[in-house]
Amino acid sequence: MEESGQLSDFKLPEGIKDPSLEFDLIECLGRGSFGSVYKATYKKTGNIVAVKLVPINEDFQEILKEINIMKQCKSKYVVQYYGNYFKDETCWIIMEYCAFGSVSDMMNITNRVLNEEQIALVCYSTLKGLYYLHRNSKIHRDIKPGNILVSEEGECKLADFGVSGQLSERTRKRNTVIGTPFFLAPEVIQEVGYDNKADIWALGISAIEMAEFHPPYHDLHPMRVLFMIPTSTSPTLKEPHKWSPEFSDFIALCLAKEQSQRPSAKDLLKHSFFEKKLKGSYVMKSLSETAQMVIERCGGREEAVKAAAERKSKQSGVSVDFIHCESVDEPDSSDEEDLLERNNKRLSTQIQQKKEQQAQQQQQQAQQQQQQQQQQQQQYQPPSPNNNNRTTTKNNDINELDSLLNNMMMSSSASASTSPSPSSISSNGNKSGTTTNDYHTGNGRTSSSSPQFGLQHQNSSNSFPSSPNTVPSVESKPRQPASELDDLLEEMMNPSFGNRARNSSGGGGGLTPIGSPITKRPTPTMQSSTTTTTSSSSLPLPMSPSVYLSPTRVSGIWSGESAGGCANTTLWRKNPQYLLQITATTTIRITLRQTGDKLVHIGFYFARSNTGANDQFRRRITLTKEYLVPGLDITFLKSTEVSAKITMEPGYYVIIPATFEPNQEGSFELDVTATSDNIGGQYNSNNNIKLSEIKGDRDWRIISDRFEWRGSSAGGSFSGSSATWKDNPKFFFETTQTSNTTIVLGKLSDIPKETYIGFYIFKADKNCPFISLTANNLYSKTSFVNGIEVVHTQQQMPPGCYIIVPCTYDSRQEGSFTLTCYSDCQQGSIYKLDLSEQILTVHGEWRGATSGGCLNHTTWRNNAQYLIHNTSSSPTKVTIMLEQLEKMDNQQLPFVGFYVAKSPTPNLDKKLFSLTPKDIVGNTEFINDYQVHFTSIMEPNTSYIIIPSTFTPGIEYPFNLRVITNQHNVIQISRLPEWSTRKLSGEWRGQSCGGRYSNTSSSWTLNPRFRFNLPRGGRFTIILAQAEKPSYNGIGFYYFKTLQDGTLREFVCKSGFICGKEIVLESSINEGVTGVVIPSTFEPNIQDSFNLTIYSEFDLDFYNN
């Protein structure tokens, strides 16, 4: 099974006894569920290989399957297998070494998405590998960027055959659900049978991940993804205008919902996407070089991957625009061929020529630099010492410093002009106008790198670089400045110095980056508590030709709840917010200035106001890319003031001043100043702007508090593996008019980052709200995400009653959360529900003898029974719910239901052992769902008996039984006491088939006898059941008192004779009794088997006589 193409001729000898003596393990490349992979050197030849160390355990069969598949594969597009050896309890698998790891690792390490040329290379190589596998009747079943490895030459190869499958001629389709959830094809999830077209679907999803950094539905819980893939339309690129039509068409073909409509790997290799975009393996060079630099700075691949994972977790739930890799320059060639292998051969010659040219250029440059240094040494004349001329010496020093600084600035400016600016990376244009993007820090100014909102993370220490030619920053110990001059030189040389990320833990990750410069605070010259206008002389001198008019200024404070911090936390909405009205196109400068005693990191958000005539005067409660004004740098600086200049179109906007950390109290001033710039023939004027604080009297009606999922209230979700979600905290929300409502669920620091959260909104009955928590009443729901908050906006929400149920996805995930509701309905109300008076809940389980099954089985009497008593003097509506708590070991839920029977007396204190159709009020269906319920009207002073049951005996499961009513404290529920029980088996055979009692025959005395003693008397029930058969014999029994020698004395009781499955007799006795039970057939000589069961209120003796 070999493929033409150049393969490595490296081979290992057979019979290596101790692989640890033959291979040197250099570094760990990664760790997985089956083992670890190391970079290693084969000592005898020096060849670099990859060694996978796998423990020999119960999962080792899967590894043997992977080895078997790798042994059979001989293709340059599949990672080569060299051999495997055993040492102690570990298997050493020797494989081809791919220097740059997986495509996924390269993306995570560099924090970059791939460009189209790179995606084309990966997809083409993957299709070549799949064509080889599919031609040999193999399915990979786990195609994803994490299983596509990149060699040092930029070649891409398929790896990880742990879940691959072999297709035989007899089974051309498989039915096993296996693989990574986000990449599974619809037919794999639906288990309708699939073939190698499932790999094509996974390749389409992989292409989207390489373009957008995440696969579709990445922010949803994996179980939710398994539902979305078969039922939703095929995924597409989020921003198709950024990509070529050929790329979009390639993805559409790969993601055809019907597997029969997906092209084969062979057909896709001919797609026009590769004709236009496939260049050569050299296109991976920029990405691999950047990855290698990061790996070296981190101290190894494993550390680099850990740092990338930590950065990725901090970005979870935050919208980020990831940097694209550099575009690929078209090679100069008139005879360029269009296939990968031929391109690589042609380019190898070009690369060698370029290396020789670079070496010559470097040699020439070194010679020129040496000559220049010699000339400078000859020209330099040291000044003669003159102790009497101090002024001249000082002036000379200043002149030399000015010259040095000027040269540094010119050099830095020239360097900056040759590298692409951050604005060229992002596709987000400034829709509101022109932005200068400069920040004032104190009385000086540093020119900001001005990222668009989607790229704001590039300034944080755990984020991606601001330019495609730079390497992501790796946290290191900062160099200590030798003097204040060093600080000044560093700031002058680095135009973005004012926006560098701080190295402290406070600045990592999140929506908002944080800067590091600390500037000296000037003495505040003004204090104001109202909107004022000051003279332009109090403003810092502008560094542009624009002339600033008098500012519109407001003063405010961050105090208590209003010190909400930046948007990295859920508390930012509590900061002061200001409405800015602009009536004509105007160039403005927004300045935020600290006036308190303590200097902290500050910044502000500038966003469009809410839509709608009424809502635009209210606070902004969502800060996403679509609402923020593009072009403004929102880096937080430890500075006296921060400012930005921008040209804005007429409209309403919101400014939100904030400190970086919450609970940092202090005062501030916010200035909005119009410049005198000429725009469209008209000059700016302060009359064009109006600034005012958004006050509570015109704001949203806000209800907010902190709550917990704890103990039984950590019940999980409706979509998860538990029905206990109904025990979560619940909130009743009532609106009296159609309203716009936004609900924000935020998780606090005691909840792990990986925990998914979300909430449901149910339409509710105000009088009996709990019964509304069913799928039929579900009004809306959110996705479950593992970010810091979930925001849901419901436009035009009809008046009525609703219940909000916040959830973690899985049960028993404890922690604190906040729930905040913003509504423009001024007459509404929201409060936490306490339904303890309306809901009676008992916990039970079917376990051992108490898992007796339904009424089809005589053992139903072993089930627990519950008495519900209506103490009201009027009819009462009750809803009875039976809930299964959770799935066990990922198995399907059993079929369960319950019976509702009339109680013979209101205060019954014993279980029912006999039921007739007239006794049963009703029953539910038996279904394998989390909940079944039954609703009835109970008459005054009556009681029901509830019998929860599994459909078949022997099923053990926990459950909740709930009784819900719209009247408080009128229903009582209690479990009926269990009686002592014994069960024996017997048969009528030979002489023991004596028939019934008769005065004319004594044969009945030969029937089987069972000793039944009641030392204290009391109530008892005897049940005789015959074996299952198409038609039943007539059966019955007698209970006699006996003398000490066993002689029958007198009847205690006797049953009738019926031709049915069982006969039941309930009776009682006021004194202790010693006796026997004699089961009988109606006619003699009828052979059969039977069971005899006794239930007794008190202790009993029951055994074969």
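Backbone N, Cα and C define each Cβ position, glycine as well.
Features reported for this protein in Swiss-Prot:
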{"type": "ACT_SITE", "residues": "Asp142", "note": "active site, proton acceptor"}
{"type": "BINDING", "residues": "Leu29, Gly30, Arg31, Gly32, Ser33, Phe34, Gly35, Ser36, Val37, Lys52", "note": "ATP binding site"}
{"type": "COMPBIAS", "residues": "358-396", "note": "compositional bias 'Low complexity'"}
{"type": "COMPBIAS", "residues": "411-437", "note": "compositional bias 'Low complexity'"}
{"type": "COMPBIAS", "residues": "459-473", "note": "compositional bias 'Low complexity'"}
{"type": "COMPBIAS", "residues": "513-541", "note": "compositional bias 'Low complexity'"}
{"type": "REGION", "residues": "348-396", "note": "region 'Disordered'"}
{"type": "REGION", "residues": "411-482", "note": "region 'Disordered'"}
{"type": "REGION", "residues": "495-541", "note": "region 'Disordered'"}
{"type": "REGION", "residues": "516-1105", "note": "region 'Calpain-like cysteine protease-like'"}
{"type": "REGION", "residues": "641-668", "note": "region 'Domain III 1'"}
{"type": "REGION", "residues": "791-830", "note": "region 'Domain III 2'"}
{"type": "REGION", "residues": "836-972", "note": "region 'Domain III 3'"}
{"type": "REGION", "residues": "1076-1103", "note": "region 'Domain III 4'"}
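On the structure: features taken from Swiss-Prot.
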residue : record           : Cβ contacts under 8 Å, 6 or more apart
Leu29   : ATP binding site : Val37, Tyr38, Lys39, Ala50, Gly101, Arg301, Glu302
Arg31   : ATP binding site : Val37
Gly35   : ATP binding site : Lys52, Leu53, Val54, Pro55, Ile63
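Counting every protein chain shown, 21 other Cβ atoms lie within 10 Å of the Cβ of Val37 (ATP binding site). Per-residue pLDDT, averaged across the region 'Domain III 2' (791-830), gives 86. Neighbours of the residue listed as 'active site, proton acceptor', defined as other CB atoms within 10 A of its CB across all chains, total 21.
Counting residue by residue with DSSP, the region 'Domain III 1' (641-668) contains 0 helix, 20 strand, 8 coil.
Following the DSSP three-state reduction, the secondary structure of Gly35 (ATP binding site) is coil. With helix defined as DSSP H, G or I and strand as E or B, the region 'Domain III 3' (836-972) counts 11 helix, 62 strand, 64 coil.
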